[in-house]
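According to Swiss-Prot:
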BINDING   CYS128, CYS133, CYS139, SER374  [4Fe-4S] cluster 1 binding site
BINDING   CYS159, CYS163, CYS166  [4Fe-4S] cluster 2 binding site
COMPBIAS  54-67  compositional bias 'Low complexity'
DOMAIN    142-363  domain 'Radical SAM core'
REGION    49-85  region 'Disordered'
Amino acid sequence: MIEQSLSKPSFSLSIPIPKAPKSKSSFFCSYSKIRCESVDYPSLTKIDAKHPQNSTTINNGSSSSASVDLKNNEKGPYPYPGGGKMGPYTGRDLNEKKPEWLRQRAPQGERFEEVKESISRLNLNTVCQEAQCPNIGECWNGGGDGIATATIMVLGDTCTRGCRFCAVKTSRTPPPPDPMEPLNTALAIASWGVDYIVITSVDRDDLSDGGSGHFAQTVRAMKELKPEIMVECLTSDFRGDLKAVDTLVHSGLDVFAHNVETVKRLQRIVRDPRAGYEQSLSVLKHAKVSKKGMITKTSIMLGLGETDDEVKEAMTDLRAIDVDILTFGQYLQPTPLHLTVKEYVSPEKFAYWKEYGESIGFRYVASGPLVRSSYRAGELFVKTMVKESAKEAAAIS
């Protein structure tokens, strides 16, 4: 964004930077201006925020300007929810209260504690914990089918990207992958006695193949120890590297999942700049055509300010590349530093999206306020779909 600052409109922030004091009795600071491009809101051309906690001044390019007291005006005249206290699009929006249907009891239960202890003892990472999934209690306790499930996260617990909805910790230089992780993960999962498992990972832009080789080793190790197990892989976009997609698709997995996350218009706001709508569609399309019978899956968060027409456009684009499974869930803000919730979508609206999705050709749609990418991924319908697709592919070949 800094490289693009010569284009207009733009805004500048005056940031206090500590300066070496001339005496021990006083504190000095100087101000440095950072110019950033205003992509979505051309009317927002300049912000001078010398005291971000107290007030800011907006100049709309005319001779007059407006001074806003953020302490008394949480939203301010900003074209995004949450005001300007924590930066663009962030901070708590006090006008939005979490509805009852999103309130969850704290995870508890004997089975939950057993799974938690097992994961800790085996030194495994789970997206359930790292991403603060609201369904962790239901899934680890067995849910409706009585089978405790967890989504295992490989390639470490530190992501190289900084998507503005995600609670997973980030770093430009995370630790190198554990070479024993594929085997240890396979041994642990084989001991659980489950017949469907979801493997996901952080983004690893620091690795030449984006981590696809390590991911594939994990799948092959699981299939070798337990051939009948069904494996779903929820992957990164591998920076759009289709050879990396091939590596994983041909590792023996049964479901290839990659999330577009949100509608096209909101991509640059919600996701890391290295991700993109067209890039994600390309990855999903290639996974489908790369191997006969491959089931593809994606997920969209609602409540970020998308419109119905934009959601339908995304669904149409996904059906055009023959995505089989789609999930919808409510975006929940993990911390005040993350994106604010624009809207709490009602359960009735989620039911509408499920019905609409199935009417336009998706083979399975999971849609609900607390649904997440891997929510009840291995339920009977999906497992039956995997078996049928495998038989069809074998018959064709």
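In case you wondered, yes, glycine gets a Cβ from its N, Cα and C as well.
Within 8 A of the CB centroid of the [4Fe-4S] cluster 2 site residues CYS159, CYS163, CYS166, the other residues of that chain are ARG161, GLY162, PHE165, ALA167, VAL168, THR170, VAL202, ASP203, ASP272.
Once Cβ contacts within 10 Å are tallied over all protein chains shown, the binding-site residues CYS159, CYS163 are led by CYS159.
Cβ neighbours within 10 Å of CYS166 ([4Fe-4S] cluster 2 binding site), excluding its own Cβ and spanning all shown chains: 23.
The domain 'Radical SAM core' (142-363) scores a mean pLDDT of 92 in the predicted structure.
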